[in-house]
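The structure appears right after this line, and notes come after that.
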Amino acid sequence: MDEPASGGSEQDFSSTVGVRLVSQLRAEQDWTKAPCILGVDEAGRGPVLGPMVYACAFTSVSTDISSRGYADSKTLTHDTRGKLFRAIDADSGVGWVAHIMSAQFISGHMLGRDKTSLNALAFDATCAIIRKALDSGANVKQVYVDTVGDADRHRDRLSRAFPGIDFTVCPKADSLYPIVSAASIVAKVIRDKSLTDSQKSLGLTGEVGTGYPGDSATTAWLKKHMHPLWGFPGLVRHSWETCSRMLEPPEGVGLKFEADEQADDKDGGAAAGQQRLAFARPGGAGMLESSGLGRHTFFRMRKLQRLAEAF
């Protein structure tokens, strides 16, 4: 979902399912047609609560933003970040895009049948915000990206995705390049606001703390809102090890999925270590299997039988 920003940090940035793409693109400004630089940074990669936000900020190559007080958002106070974000949002010479991934979206992809790593989600988000800036008409020529992984590999992948753009990818880019510092501020402010707004949207109460697993306030909030069987509400990233540990007995209910006993390889069983659904009672007679007796309810209700039994 693409949404124009309105009201700066006062906008509702809640994100409880899927992703949101919010922006202040400045497409009506002539400077966007001149060569532009763009910076990328993220906020919320490590927390167990709330969204992860990737953001970019961009401006004309000829615009000097070095004296505007932009810095790595982690070094700024909450109030200073908010003030700078409002300044960035109101500055007609700077555009920005933010990609908000909900906790539900992150968990669903990391725990799904076709699992997607957090690095892959991060790469897709980076591409999405760069593409959004380009689609708005911004003439982006140089991109600076803050990264915590293999910088060379990340740069090569981005260069293949966006030929014609010069990429600089390095750790601590948010401290080295003011345009990345601006992106860092956008990402952090929107991440914090999204966490608060999402909590309200889901009707959840209590002090969540920073959202990081090591925060005692966050841990206390998780325990308060944990159901021993159903787990956690949508604000929580179920794919984090913190959650799986908390759901283990005795605090959580132990679960066991129905599966056949492992058959011996010599009897034509499944490969070692592989589980399979209980289509029929192991060792049962052919008539018992074909009649459906002793088989899982799913197959009996739908009158399904093994293909081998039909001929």
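Each Cβ is built from the backbone N, Cα and C atoms, and glycine gets one as well.
Note that TrEMBL annotation is computational and uncurated.
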Request  = Write down the one residue from ASP135, ASP146, ASP150, ASP152 that TrEMBL lists together with ASP41, GLU42 as binding divalent metal cation.
outcome  = ASP146
Ask   = Far apart in sequence but close in space: which same-chain residues, 6 or more away, have a Cβ under 8 Å from ASP146 (divalent metal cation binding site)?
value = GLY39, VAL40, ASP41, GLU42, CYS170, PRO171, LYS172, ALA173, ASP174, VAL180, ALA183, SER184
Inquiry  = Among the binding-site residues ASP41, GLU42, which residue has the fewest other Cβ atoms within 10 Å of its own Cβ?
reply    = GLU42
Remark   = ASP41 (divalent metal cation binding site) falls, by three-state DSSP, under strand
